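According to TrEMBL, the feature domain 'Amino acid transporter transmembrane' maps to 24-456. Under the heading transmembrane segment, TrEMBL lists 28-49, 56-77, 110-134, 155-174, 180-204, 271-291, 311-330, 373-390, 396-414, 435-456.
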């Protein structure tokens with residue numbers, strides 16, 4: 001790429017570049033690290049169960065397929081960072097919704113915004129359920145250690161969900177909580193810690209058993225239709241574990257150029273997904289190899305592992321710490337969107353727009369807004385209430401994965417690419433991308449139907 005091919009920059013663009021040069025110092029390796037820490041999280045805990053439903057051939061192949069689907073959609077989305085030209089376009093789109101708005105227009109941006117808000121709200125529910133299960137697992141682990149593995153150490157999730165919800169009500173009132181840098185660092189360290197512990201415990205269990213459990217067809221089910229539903233839920237769980245489309249453009253916005261940001265981001269995504277997929281297959285594979293027919297739905301809370309109990313406790317404590325902060329990371333964008341809409345809709349309302357200064361001992365003063373207090377409290381209560389009604393880890397994870405995978409990871413990136421590249425209808429590229437989108441639509445619907453069935457069946461039973 002010669003310098004002569006780059007369009008002449010205007011003084012305004014030159015000024016903007018100078019102002020943001022210090023911020024955009026990221027490299028391929030920093031971007032890959034961001035992707036890995038953003039992708040690996042609570043979804044890894046269900047992968048052993050997913051592998052168990054699919055078996056030794058379909059399980060790894062399915063993970064490889066989802067990795068390929070995610071990587072292909074990532075390549076399409078990377079080209080949407082700059083507009084209208086993917087390499088030298090003067091307009092930057094540092095977020096997913098801005099890219100949809102610039103490329104497809106306001107209507108499509110509004111529709112994608114609904115899916116984004118649903119996705120973020122759903123993550124709050126999933127995190128509440130997972131945190132409660134992990135807190136309960138710590139109590140059960142200590143009970144088993146004291147009373148023996150055959151003891152009846154049964155505890156309800158409700159109290160832990162209420163505790164988690166109470167903590168989130170308090171944290172939700174802190175202005176700009178999502179901008180605290182240590183939160184992301186803590187979440188990344190904790191997610192890697194419990195993922196590695198689950199991986200290591202699976203290896204240790206296989207070594208202790210002396211042989212590999214599992215089969216080509218996966219775990220047995222009570223009937224053929226039950227097997228189909230379990231497979232569909234497994235697809236939803238895997239779909240939940242992979243995509244990172246909502247954060248991709250924000251990561252890309254940190255990259256320095258030259259080379260073009262899209263080129264660097266594609267390389268970073270390739271590296272990150274290769275490493276993530278290897279890790280996922282190892283975690284899911286060793287979990288299934290360790291327990292076979294008895295593979296738990298959640299690798300660290302299903303008590304396939306009992307000892308060392310302190311390591312189980314530490315891993316589950318890491319999960320809780322990760323999700324306490326993670327809940328805020330995913331909820332703050334919802335808060336900002338809703339509160340901005342109400343502020344613009346009712347500019348003269350003191351309840352919505354006026355803040356009171358609060359000063360607590362040993363803390364700096366901060367503004368407390370009545371509308372923010374009420375709205376965020378109701379929001380947290382609603383996620384907690386839904387979690388208490390449907391406290392089913394695998395089914396909820398599968399439902400969220402199936403619901404959000406196609407629209408946010410496949411459909412909008414494909415549509416933006418076709419529009420930005422001006423791909424003509426019925427050309428080979430157009431047909432292939434449309435077929436790619438439609439096939440994954442049906443796959444997502446299959447996973448969605450199975451996850452809904454699983455959720456209803458779990459509730460009725």
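Placement of Cβ uses the backbone N, Cα and C atoms for every residue, glycine included.
Just so you know, TrEMBL annotations never went through curation; they're auto-generated.
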Do the transmembrane segment (155-174) and the transmembrane segment (180-204) come close, with at least three CB pairs under 8 A (pairs 6 or more apart in sequence)?
no
Would you kindly check 28-49, 110-134, 271-291, 373-390 and say which stretch has the most C-beta pairs under 8 angstroms to the transmembrane segment (311-330)?
110-134
Which one, 28-49, 271-291, 373-390, has the most C-beta pairs under 8 Å toward the transmembrane segment (396-414)?
28-49
What residues in the same chain, six or more past the boundaries of the transmembrane segment (56-77), come closer than 8 Å to it by Cβ-Cβ distance?
47, 50, 96, 99, 214-216, 218, 234-235, 238-239, 242-245, 248-249, 265-266, 269-270, 273-274, 276-277, 280-281, 284-285, 288, 409-410, 413-414, 416-417, 433, 436, 440
Mind checking which residues of the chain, 6+ beyond the ends of the transmembrane segment (110-134), have their Cβ under 8 Å from one of its Cβ atoms?
42, 45, 96-97, 100, 157, 160-161, 164-165, 168, 240, 246, 298, 300-301, 316-317, 319-320, 323-324, 326-327, 330-331, 333-334, 337, 379-380, 383-384, 386-387, 390-393, 396-397, 399-400, 403-404, 407-408, 412
